[in-house]
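> Pulled these from Swiss-Prot:
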- 76-92: compositional bias 'Basic and acidic residues' (COMPBIAS)
- 100-126: domain 'Tudor-knot' (DOMAIN)
- 211-385: domain 'MRG' (DOMAIN)
- 52-96: region 'Disordered' (REGION)
- 159-197: region 'Disordered' (REGION)
Amino acid sequence: MVLATNSRCLAYHGPLLYEAKILMSYDPSKRGSKAKVEDGLPPTVEIGNVVNTHKRKRGPRASLPAAGATPDGDDSNDKNRHFSPKEGKPDVPADLADENEDKICYYVHYKGWKNTWDEWVGEERVLALNEDNIKLQKELKAAALAAAKKGKDFDALAPPEALSETASPAPTTKRKSMASKDSPAEGPRPVKRRGGLAALEDLEKEDDYLKRKEIALVVPDKLKAQLVDDWEFVTKDHQLVGLPRKVTVVDILKEFKKEAEAKYRPGSADADILNEVVSGIKLYFDRSLGSILLYRFEREQYLQITQSPDHSNKTMSEVYGAEHLLRLFVSLPGLIAMTNMDAQSVAVLKEHLEDFVRFLSTHQKTYFLKEAYTNASPAYEALSKGL
């Protein structure tokens, strides 16, 4: 049985196990059916620990759409989402190593890592995400820390299976030894490792990151429904939001700030924090739009906007509007978890973010307009498919 796309797992990278997400799967016995991620049912997206269960009347979908973002806040870019075949082998991924063509493989994204580390791995490097394997993950990390403290390189560690007998494999038809030639060195990039104190520091930083918890933003049901509508308009109906929006992200943030700052004394610490939060939302939006907030069908429009002389001096928050801004709040919990903010700062930020979400909900009829979406032209559809 091949693990489902968008499911979480543990994957070996070097001698350690890392939490990962399966973006694509490849099964040589079912070529053509499991080799790529489809845009059909959208993956469930968590907003902190809130999972949307809203159901649209015109369809059975009950999940919040992933606006190019994964539940843990990581990006799954075109390479992850679009299947490119090898020359002469239409059912084989282009970047799959030749020696792996006859076995089940998964294209994984390691949680908290940049997309450049996404890779195809053999089924023997993938474990189910369960208590036994999480225990194994901790044992491997402890062994690596001990080796690093003694000045040993990670490569000097025993093979992973020698450290524990508790590993529970992902359900597959066959399993090979972790000591095989296809283990950690597999993939298009060499595994980067550091030994001694540097390795110890890396592990300790990673351990700190894993201890952080994503904040749980309270998002009104009608905004969750708005996200589902947005997903369906773009991915199913092949519609685009007309750009530039009449009311942009910058305009919305200004209106929110004007309304919110009435509660604070000018020049007070609270007023300063509000200014920082508003500036931060704008910054996050501008930096993340092109990488995690767009559906694949919208990328051609984004390229046209960024290459247009009319918008060369504008930021994306001066072009896009509420539709794309709302998508940011799906990814924000994961993005915030990757910062170094202390618990008190996160709590203050959470309060302001939820104020802003309530503001969007209150003004939903003003900012979210169905007529903002228009059908894409046949020429655009051809360009979006690379024709």
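Just so you know, glycine gets a Cβ as well, placed from its N, Cα and C.
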> Tell me the residue counts in helix, strand and coil for the domain 'Tudor-knot' (100-126), as DSSP assigns them.
7 helix, 11 strand, 9 coil
> Tell me, what is the mean pLDDT of the domain 'Tudor-knot' (100-126)?
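Overall, the domain 'Tudor-knot' (100-126) comes to a mean pLDDT of 88.
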